[in-house]
Structures are given as structure tokens and as C-alpha cells.
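Participant: Among the features that Swiss-Prot reports, active site, proton acceptor is placed at K161. The NADPH binding site annotation in Swiss-Prot covers W11, R30, H31, K79, A111, R225, V249, E251 and rests on sequence analysis. Residues annotated as sn-glycerol 3-phosphate binding site in Swiss-Prot, with sequence analysis given as evidence: K79, G107, S109, K161, D214, S224, R225, N226.
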Amino acid sequence: MKLGIIGAGKWGSALHFALSKKNDVYITSRHYHDLKNFVSLEEILRLEYLILVLPAQVIGPWLEKHPLRKDHKVLLASKGIDIKKKKFLNEILQQFIPQEHLAVLSGPSFAAEVQKGLPTAVVVSSSNEILAKTYAQMFPDFMKAYVDDDVVGAEIAGAYKNVIAIASGICDGLKLGNNARAALLARGLVEMERFASHFGARMRTFLGLSGAGDLFLTASSTLSRNYRVGLGLALGKDLQRILNDLGEVAEGVYTVEAIIEIAKEHSIYVPIAREVYEIIHGKNPKLSIIHLLERNGDD
């Protein structure tokens, strides 16, 4: 199968490595021109099957500048919410291609481990079962791809877990212990599902790879950029300094802004996202996390 990857950051490069095991994979990027099978964007867009791996906040403007054809098939491998439009990325994409031509990639998958060929399991979600299976079959043996149809659940899980990962990093940075982190993650998973169910997502999505799997990975390892943002905030570092030191995009910083706005509009209770938002905007991290752990309620 021939397919094109748009976006050559760490995740795009890792997918290029993995998918090249079974397919003719071409990749394009503004910055990295020395990659194997690098071609121009014009050449990529002549292909039918694409994988979009751009930063979440770039996707909307990029699509407006480079509209896709109606017959393009797209696997969305980015995780985030458009902060400007307050829309999920699948909604942005459906302005350019039919819903049945869109699939979403989710699940616990650090780029560094995929790049090493380590065992990984992901989920390809689409309302079009044939499309989901087509993309799933492109993955190599070391990267098992399951098929599902809960596009909304997969996308929200992938975006929201970055916010919970920031909270987890704060918790660990404050040295509050494993018990506290476990409580935070359990409540975080409930919060993610509560938010997503408002938009039609299914609970089972959050109990599998797309939800619990991706959350537990991202919220417990220094390989996670969002977790490292939380660690930095716990140490009292300035957010901009943290992001500069990372040298990469930490989507949770932007996603939390969108979640707060969407939750407010739809009256959805999102206490962890709210505290992360307030910490990013200057609230004392220790007071915020302790307040979360001490609050009453079933969430």
C-alpha cells in the first residue's frame, strides 16, 4: 500500500519507521528534508491514503491552506482540541472530507519505543469499518492495531489524557506519593469519560487502550511531555520556560483551555481540568492538587 505522512516530528517519524515495514510510505515536512522517502507536499497529496501528524493547533489553518480532496482517506494521528474554534479535530477534518473517509489513531504509544520496534498496541477508530481495517492492516507485527468505531471517544480520550498527565506530573513533582497519583488517575479517567459521554462517546472506550491505556502511560513517565510540564510546574518553574526547555509541543497546555471553554458551554463538571487550568494561570500547585484529593463526591 502507498501512503503519505504529513508531519515529521517524533511521532510522524516513528510512524514512518513502523509503517514502512509493510508499505511504501512517503513523508513530507517543512523542516526535515533528509528523511528517507521525503517528497514534496504536492506529491503526498496525489496519494489516496494519508496520515496527518501535525500539531493540533496547526491542523485547522493547514487544511484551509491545503484543502484535501473529497476522495482522500485520512488517519488522524494528532491528539488535541482546536483551541481557537473549540472544536474536536474530527469536526475540523469533516469540513474537508466525508466522515466515512476519516479514521483516528489512539492508544498508548510513545514515539521513542515505536522507533525501536518495541511491542505496542493501538486502536484505529472509524465509522467506516472497511477503512479502519485497511489502516489497521498497514501496521507491522510489533504494532498491533485494533479496530473500533467510537471516533469521538478515541479522539477525546487522546486529547484529555494530556491534561490529566499534567496533573499527574504536578502530583509527582510535589512528592505526594503513589497513593495520591493512583487516586488522581482514577478520578481523571472518570472525568474524561464524563466529558466525552456528553458528546456521544462510549464508556468502554475509556476502559481500553484509547482511554485507560493511554492515560496510564502518559501520566506516569518522563517520556511524556505533558507529564514533564507538570513536574516543572510543581517546582515553581515558569510555564514558558518549561515549554522552551521541552523544545516540543505539549498539547495538554492548549487542550485544557479548550476543555474549560467547552465544559462551561455545556455545563460539564471537570474539576481536574479546572485545577490544571488555574495552575497554568498562576495558582499554587500544591493547594490545587491537595484540594482535588480532599474534595467530597463520587467523581
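Here the Cβ of each residue, glycine as well, is placed from N, Cα and C on the backbone.
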Participant: Would you identify the secondary structure of E251 (NADPH binding site) according to DSSP, in three states?
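Facilitator: Its secondary structure by DSSP: helix.
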Participant: Could you state the CA-to-CA distance between A111 (NADPH binding site) and the residue listed as 'active site, proton acceptor' to the nearest Å?
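Facilitator: Cα of A111 (NADPH binding site) to Cα of the residue listed as 'active site, proton acceptor' measures 16 Å after rounding.
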Participant: Would you say which of the binding-site residues S109, N226 has the most Cβ atoms within 10 Å of its own Cβ?
Facilitator: N226
Participant: When the Cα-Cα distance from K79 (NADPH binding site) is computed for each of the recorded positions S109, K161, S224, which gives the smallest value?
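Facilitator: So, of the listed recorded positions, the one sitting closest to K79 (NADPH binding site) is K161.
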Participant: Between C-alpha atoms, which of these recorded positions comes nearest to W11 (NADPH binding site): G107, S109, K161, D214, N226?
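Facilitator: Out of the listed candidates, the nearest Cα belongs to S109.
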Participant: Of all the Cα pairs drawn from K79, G107, S109, K161, D214, S224, R225, N226, the residues the record ties to sn-glycerol 3-phosphate, which distance is largest, in Å?
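Facilitator: Across K79, G107, S109, K161, D214, S224, R225, N226, the widest Cα separation comes out at 16 Å.
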Participant: About how far apart, in whole Å, are the alpha carbons (Cα) of R225 (NADPH binding site) and G107 (sn-glycerol 3-phosphate binding site)?
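Facilitator: Rounded to the nearest whole number, the Cα-Cα distance is 16 Å.
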Participant: Quick one: of the binding-site residues G107, S109, D214, N226, E251, which has its CA closest to the CA of the residue listed as 'active site, proton acceptor'?
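Facilitator: Nearest in space to the residue listed as 'active site, proton acceptor', counting only the binding-site residues, is D214.
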